[in-house]
């Protein structure tokens with residue numbers, strides 16, 4: 001009885017969402033070329049990180065080596081981007097990562113991705129509001145922050161800001177009100193925002209290289225003693241703390257990696273390109289190339305701004321709440337400061353408006369699927385807006401913008417993004433080794449015939465022979481196409497690899513704090529774990545791959561997705577314990593909602609008669625399919 005109960009629960013967790021049929025007249029026409037996709041991706045990626053995060057990372061984490069941190073983040077974002085491209089190829093239509101995971105991996109997997117996708121959207125929007133507040137406050141002489149700090153100072157946990165930012169809250173509520181009134185995202189406003197972004201960034205980069213001083217990349221301890229006393233940090237982004245050891249990388253290799261984990265926030269947006277396979281012209285070529293070009297352009301922007309900033313101002317004197325206008329002021333070019341400040345403010349507010357549009361659709365979609373509360377699907381009769389989803393997203397974003405420090409908001413986005421990147425890479429790894437999931441009534445006929453034959457084999461009655469057959473199937477699969485058994489082997493091996501990589505990452509983090517000493521006790525453990533990881537990877541490599549034709553496939557399988565997973569996990573280990581505590585609370589709340597409500601109210605629970613989902617590359621007329629988001 002207990003076994004049956006757990007079996008039923010397990011079946012519910014892996015239920016897949018069927019794709020609903022789309023009428024021929026409603027099918028998306030391929031119209032996006034590489035240029036269109038790159039513009040879309042750059043518009044999503046050039047966020048507040050270029051204006052705020054670069055300064056905070058340079059001052060407290062990596063120094064001038066922030067450039068290297070952005071390079072590391074960009075390179076491994078490309079790996080994740082390629083995994084996203086294949087993941088989207090399994091579902092032949094434009095959509096969201098949540099939709100793709102529900103169709104291919106199952107309900108619980110989709111809920112985890114969807115719930116942790118909401119977090120970066122909410123936190124990313126809150127960080128834009130907080131950054132806009134900082135920049136506007138700087139423009140008018142810091143009067144808002146001083147007044148709020150005197151009136152609403154917060155002396156609670158360190159993760160909270162030093163004062164409640166009601167200006168940021170007001171911005172979020174204003175944008176929420178516009179959404180409730182039926183405002184629509186404007187393509188013209190988006191294009192103008194991108195144009196302002198690029199102009200301001202080019203101006204800053206040119207100014208930095210013209211007025212910068214290479215000596216700021218070669219600072220010594222003597223330089224630190226100048227102009228460090230009396231510095232005020234009214235924004236709660238940390239004190240001066242340790243200033244590092246000088247030079248280009250004052251905080252060492254560990255600082256570069258920790259900076260890279262924060263800089264991942266700046267490349268959050270690669271899904272905007274990867275999920276457009278259904279609308280792309282020649283997606284086999286345009287999707288991967290667009291992802292790489294987009295990340296490369298954004299890396300040039302982020303690294304160029306970081307270089308200009310650290311050349312103009314010694315990194316330990318950077319004002320992290322408003323780094324770029326202050327850097328221009330430090331270079332004694334007063335009129336340019338107002339141009340940069342106003343341009344930055346316009347770009348941030350337009351990005352804030354754009355970000356507000358992306359949260360409600362995902363919340364609405366998950367609620368419509370029954371994984372979140374159905375009240376979130378309520379639509380206003382007159383305006384046609386998703387009123388409850390918009391209010392929920394706006395209120396949550398407002399609270400985050402009101403109470404939390406910008407650096408903690410950025411770290412939360414980074415840890416959520418890294419987790420989703422890992423889950424997508426894991427999905428790509430296991431899906432390629434699964435049998436065709438385009439199920440029919442006779443789907444299991446062959447396996448059901450074959451399995452009894454294997455069970456009736458006289459040798460299978462002997463435990464030794466059975467164990468020998470299992471070991472033989474690990475190294476020498478009997479089939480050249482994936483079977484149910486080979487798929488289960490890959491699932492098990494991939495899950496074991498994730499566990500081994502988590503342990504290895506923890507050990508490497510501790511080992512790096514000791515300077516990778518050869519005499520450390522961590523050395524033999526790390527070597528043993530590496531040997532186990534290599535051995536299990538070879539087992540996966542030996543299994544047959546699904547020959548299904550996809551418009552894009554990740555090269556060097558299984559190595560590339562595994563490298564992506566390991567890097568994501570390792571960078572997640574660089575995130576502070578306070579951020580992990582908040583992230584843990586968010587996921588505990590999510591699992592309470594799912595197991596208390598979602599698992600019983602999902603559409604698949606209430607409609608057992610629907611045909612199974614298909615992950616085949618082609619859809620016939622009767623194949624079901626979800627609403628694109």
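Keep in mind that glycine also has a Cβ here, set from the backbone N, Cα and C atoms.
Unlike curated records, TrEMBL annotations are generated automatically.
Residues or ranges marked as compositional bias 'Polar residues' in TrEMBL: 609-629.
TrEMBL lists 552-602 with the feature domain 'Cationic amino acid transporter C-terminal'. DSSP assignment over the domain 'Cationic amino acid transporter C-terminal' (552-602) gives 39 helix, 0 strand, 12 coil.
Annotation comment: TrEMBL describes 441-462 (among others) as region 'Disordered'.
Annotated region 'Disordered' per TrEMBL: 606-629 (among others), in sequence order.
As annotated by TrEMBL, transmembrane segment applies to 60-85 (among others).
Look at TrEMBL and you will find 97-115 (among others) tagged as transmembrane segment.
Per TrEMBL, the feature transmembrane segment maps to 160-181 (among others).
Feature annotation from TrEMBL assigns transmembrane segment to 188-210 (among others).
Here TrEMBL flags 255-275 (among others) as transmembrane segment.
Only residues 6 or more beyond the boundaries of the transmembrane segment (287-315), in the same chain, are considered here, and those with a CB under 8 A from a CB of the stretch are 34, 37-38, 41-42, 45-46, 49-50, 54-55, 57-59, 63-64, 66-67, 70-71, 74, 77-78, 81-82, 84-85, 88-89, 198, 201, 204-205, 207-209, 211-214, 216-217, 219, 223, 250, 263, 266-267, 270, 273-274, 276-277, 280, 323-324, 326-328, 330-331, 551-552. What TrEMBL records for 287-315 (among others) is transmembrane segment.
Positions annotated as transmembrane segment by TrEMBL: 327-349 (among others). Residues 46, 48, 51, 128, 131-132, 135-136, 138-139, 171, 193, 196-197, 199-200, 203-204, 207-208, 211-212, 308-309, 312-313, 317-318 of the same chain lie 6+ residues outside the transmembrane segment (327-349) yet bring a C-beta within less than 8 angstroms of a C-beta in it.
Note on the transmembrane segment (387-406): residues 52, 56, 121-123, 125-127, 129-131, 133-134, 154, 159-161, 164-166, 168-169, 171-173, 175-176, 179-180, 235-237, 321, 356, 359-361, 363-364, 367, 375-380 of its chain, located 6 or more positions outside it, place their CB under 8 angstroms from a CB of the stretch. Summarising the annotation, TrEMBL assigns transmembrane segment to 387-406 (among others).
Residues of the same chain lying 6 or more positions beyond the ends of the transmembrane segment (412-431) and with a Cβ under 8 Å from any Cβ of it are 79-80, 83-84, 86-87, 90, 97, 101, 104-105, 109, 112-113, 116-117, 119-120, 123-124, 127, 261-265, 268, 487, 490-491, 494, 498, 540, 546, 554, 557-558, 561-562, 564-565, 568-569, 571-572, 575, 579-580, 582-583, 615. The transmembrane segment annotation in TrEMBL covers 412-431 (among others).
Residues 422, 426, 429-430, 433-434, 473-474, 522, 525-526, 529-530, 532-533, 536-537, 539-540, 543, 562, 565-566, 569-570, 572-574 of the same chain, all 6+ positions outside the transmembrane segment (489-509), place their C-beta atoms under 8 angstroms from a C-beta of that stretch. Look at TrEMBL and you will find 489-509 (among others) tagged as transmembrane segment.
Counting only same-chain residues 6+ beyond the ends of the transmembrane segment (550-573), those with a CB under 8 A from a CB of the stretch are 76, 79-80, 82-83, 85-86, 89-90, 257, 260-261, 264, 277, 283-284, 287-288, 414-415, 418-419, 421-422, 425-426, 428-429, 432, 497-498, 501-502, 504-506, 508-509, 533, 537, 540-541, 617. Feature annotation from TrEMBL assigns transmembrane segment to 550-573 (among others).
Taken from TrEMBL, the feature transmembrane segment applies to 579-597 (among others).
At the 8 Å Cβ threshold, with sequence separation of at least 6, the transmembrane segment (60-85) lacks contact with the transmembrane segment (188-210), having fewer than 3 such pairs. Mean pLDDT of the predicted structure over the domain 'Cationic amino acid transporter C-terminal' (552-602): 90.
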